[in-house]
Each structure stands twice: as C-alpha cells, then as structure tokens.
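K.L.:
Okay, these came from TrEMBL:
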COMPBIAS  78-106  compositional bias 'Basic and acidic residues'
COMPBIAS  122-134  compositional bias 'Acidic residues'
COMPBIAS  135-146  compositional bias 'Basic and acidic residues'
DOMAIN    224-279  domain 'DUF4817'
DOMAIN    304-344  domain 'FAM50A/XAP5 C-terminal'
REGION    1-22  region 'Disordered'
REGION    78-146  region 'Disordered'
C-alpha cells in the first residue's frame, strides 16, 4: 500500500477528504437500499397483487349472506377507497419522516459549518471533531466550546510571526502603555519641578565670596490666556464644577499639587468674565505669582543677600549682573530646571560677575 510522503498538514487534509468521501458513499448505499425496497414488486402482474389481495380479504370478511350486485360493487368501491386513503396516509408519513431526516442532517451540517467557519491550521482537531460528531452530543455544549475559543486565535497561525498584521487588542495595549508612561513621566517631571534647589554662587570682585540661596526649580509666574481658556473649557465640560475643572487643569499642565494651580474662586471669576464680556482670554487677570529658579531671579536674591555687606551693589540691578558657569554665560530667561535636564556643566559653583 502506498503512503503519502508530503507535509503533515497535507496528509491531515487528505485524511479529512477521505473520511468525507466515505460518508458520502455510505449515504449513497443507504439510498440505493431504500429504492430497492420500494421497487421490490417489479412485475406488472404482481404490482397490485398485495393491494387487491387485501381488498378481497376485507370484502370477504365484511360480507355476510346474500347481497345484490350493486351492493357488492358499492361495498368493494368503499373498501378500495379506504385502502387508498390508508396507503396515502402511510406515504405521507414516510415523506414527513424523510423530510425530518433531511432537516436533521442539514441542521447538523450547518452546525459543523459554524464550528469550522473560521480558518484553522490544525487539521487533526477537525478530524477529531468529525469523529465525535457521529456520536450523540448536545448542541448547547458545542456552542459553549465554540464560544470559549478566542476569535483572533482561530484566524491566525500561532506558529507564524504575525506581528506585522493589524491587531486591535495589541494596538489598544500599546496606546494604554504609552499613556501610562506619559503620565508617569509627567508626574516625575512635576515632582522634579516642585523640588527646591540650593544654588551656590560666588560673587567675584577680585576675590570670591561664596553664598547660597534656595528656590524652586520651576514655578508659574502668571496664568496666560491659554491657561484661562483651558480652565473655562473644562469648567463648562465638567458640568459647571470648578473642582473638576481645577483637577483637569492641574493634570493637563502637569501640576502636582492642587494648591499650586488656580483656585476654584479664581476659576469662577474667569468663567464669569468670559460670560459677561466674552474676551476675558485677552485680558491679564491677577493670578498666583511665585518665584522660579531663573538666573535673573537668583541674581535678585543674591543682591538681597550681598547688599548689606557690599555697598557698591546697592545701586546695581539684577539685569546688570551676568551669570557665568565655567566658560558659559547663562541667559536670564531660562530656568535651572532646563539646565539640570540638559546637564549643562557638572560643577556646582556658579559665579556672578557685574557687567
């Protein structure tokens, strides 16, 4: 006997087709047997023999004594009609039974089609399902087993790299991970910005005079029009709730503490001005003013510290001082947070030189 020497998947497919052919052959044989049983009386002489024998027997048993010819014919016609009715009923019952068998087979085929409707690369499991399908199984259990299998697992071959194919669940997981990392980074940066920084400086007038000041790395100097517009928008979107608008504002602008953001009363004021005038965004209403660790601000703090000791600095302004780190002159509009993040120099000592 010859054996198939191809791939295992092709061999499984061939076995599956062979089983289907065997089932079809068995159905054909059953149909042939039924046809032969229906056509057992093949001679024209004997075609109605059984029918008329039964009629004659019933006529003999129901006729008692002498009867006229007309009564005999009428009784014979009545018996023939009754016999035909019974035969018609039997034929109708057989037809109904045959129709029920066809419907049951069609329902079984439809169920199998629904179970293997999705593409599967595991043909061995299909063969096992076909073998088990011959036995009596409950359709409810089959549906439960079919529902337990994830839809995407059936449509993809687990033995092949499918990372290049679109996958909604994987994309949603990536977006969720990105959002978590973004929030984590934002919270980390907010905590770094909120940390105080101690700046050690040296006032140089021919000799060094080392001092230090403590400031926050970053702080909001005032609320801009964009800040006010976003706060008003969140107030209207969150059901006129200033508390929710304040939380959304702090989350959006990476403000770690609610106390560092605008107060609820200030948000109500912005909303009221927006409703009354409609152009509150272009107006600079009063907002929180806190110190930020910029070279200009540090220079001002340094002047406040050094003026009692150096009289020549009493008439000097902060913008007249130059901040030097090693060989780099620091602009006044940057913050020390920017310098720390970009790692501008590694030495802790800074020099303030009058211009």
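Heads up, residue numbers simply count up from 1 along the chain you see.
Every residue gets a Cβ built from N, Cα and C, even glycine.
Unlike curated entries, TrEMBL annotations are predicted automatically.
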K.L.:
If you average pLDDT over the domain 'FAM50A/XAP5 C-terminal' (304-344), what do you get?
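P.N.:
Across the domain 'FAM50A/XAP5 C-terminal' (304-344), the average pLDDT comes out at 78.
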K.L.:
Can you tell me how the residues of the compositional bias 'Basic and acidic residues' (78-106) break down into helix, strand and coil by DSSP?
P.N.:
29 helix, 0 strand, 0 coil
K.L.:
Based on DSSP, tally up the residues of the domain 'FAM50A/XAP5 C-terminal' (304-344) by helix, strand and coil.
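P.N.:
Here the numbers are 16 helix, 8 strand, 17 coil.
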K.L.:
I'd like the per-state residue tally for the domain 'DUF4817' (224-279) from DSSP, helix first, then strand, then coil.
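P.N.:
Secondary-structure composition of the domain 'DUF4817' (224-279): 41 helix, 0 strand, 15 coil.
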